[in-house]
Amino acid sequence: MENYNKTSTDFILLGLFPPSGIGLFLYILIVLIFLVALFSNLTVFLLICLDTHLHTPMYFLLSQLSFMDLTYISTIVPKMASNFLFGNKSISFIGCGIQSFFFLTIAGTEGLLLVSMAYDRYVAICFPFHYPIRISRRVCVLMMTGSWIMGSINSCAHTTYALHIPYCRSRAINHFFCDVPAMLTLACMDTWVYEYTVFVSTSLFLLLPFFGIACSYGRVLLAVYHMHSAEGRKKAYSTCSAHLTVVTFYYAPFVYTYLRPRSLRSPAEDKALAVFYTILTLTLNPIIYSLRNKEVTGALRRVTQIICSKKI
């Protein structure tokens, strides 16, 4: 390993699975979850694009969520799976930078997108008559553009820093993807200033958005409480609780991982938490936000009928 470190600039990803029967079982499980996430997000994205009934601001935001999740999970899982399957754990210096850039861009952008979606539901339920004015297609595009720009700038700054610091220790990253904080443990310089910027970024892109989402849904639940229809209240409570559960699964592990000082972090715990915000939540998003929705299932029937009739 020492020879390798001296003659190569590649990193080594130690991975998520132990080389045992349990590791193989976990590998198969993760691959199956990945396929479910890929298929469900692709289905939702195509349905919203193809069915004109779903060309509304809410479903535009949902289509962007599905697109992000498709890119997000494809950035991490295929490389992790191929490393375990073929036993080649190396990733090039540039490849590591590219993976880190896309991961951080989409993670930050999705964090901001979830705020936009919460705001959409807040306006729709609390101010239904103002909804067409406050949440127009133009407003949605502006919110999405702003989220992508802010996520990209944040990611570019972190990735550039990670690629320019000197690495003089082992190049074995104890993670299953190029996570910048995990890479910093290999640096041969003091990175306390950067760790402070991680704290600031996590607060801006994760902690504050999570509080914003919680406040939005709190107002929604308050409005729902005053509904006269018991059936409407039950449906709204079910929807809000499901949304908040998924949001918590995404934000809480992220915040807990990135806000802790390096001295309190452990690689095993970081990898276990990362599974939530890189794999599991991305599988739940289309199920909770879209596929439980009657309008989406109706669109699925219509598109299926059109495809079948063309084949006949």
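Easy rule for this one: first residue shown is 1, then count along the chain.
Note that Cβ sites are derived from N, Cα and C of the backbone, with glycine treated the same way.
Note that TrEMBL annotation is computational and uncurated.
TrEMBL annotations:
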| type | residues | note |
| --- | --- | --- |
| DOMAIN | 40-289 | domain 'G-protein coupled receptors family 1 profile' |
| TRANSMEM | 24-47 | transmembrane segment |
| TRANSMEM | 59-77 | transmembrane segment |
| TRANSMEM | 97-119 | transmembrane segment |
| TRANSMEM | 139-161 | transmembrane segment |
| TRANSMEM | 199-224 | transmembrane segment |
| TRANSMEM | 236-252 | transmembrane segment |
| TRANSMEM | 272-291 | transmembrane segment |
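Contact between the transmembrane segment (24-47) and the transmembrane segment (272-291) is present: at least three CB pairs lie under 8 Å, with pairs separated by 6 or more positions in sequence. Ranked by Cβ pairs under 8 Å to the transmembrane segment (97-119), the stretches 59-77, 199-224, 236-252, 272-291 are led by 59-77. Of the Cβ pairs linking the transmembrane segment (272-291) with the transmembrane segment (59-77) and spaced 6 or more residues apart, 3 or more are under 8 Å, so the two regions touch. Listed by sequence, the residues of this chain that lie at least six past the ends of the transmembrane segment (236-252) yet keep a Cβ under 8 A from its Cβ atoms are 110-111, 114, 118, 121, 125, 206-207, 209-210, 213-214, 217, 220-221, 224, 227, 276-277, 280-281, 284-285, 288-289, 292.
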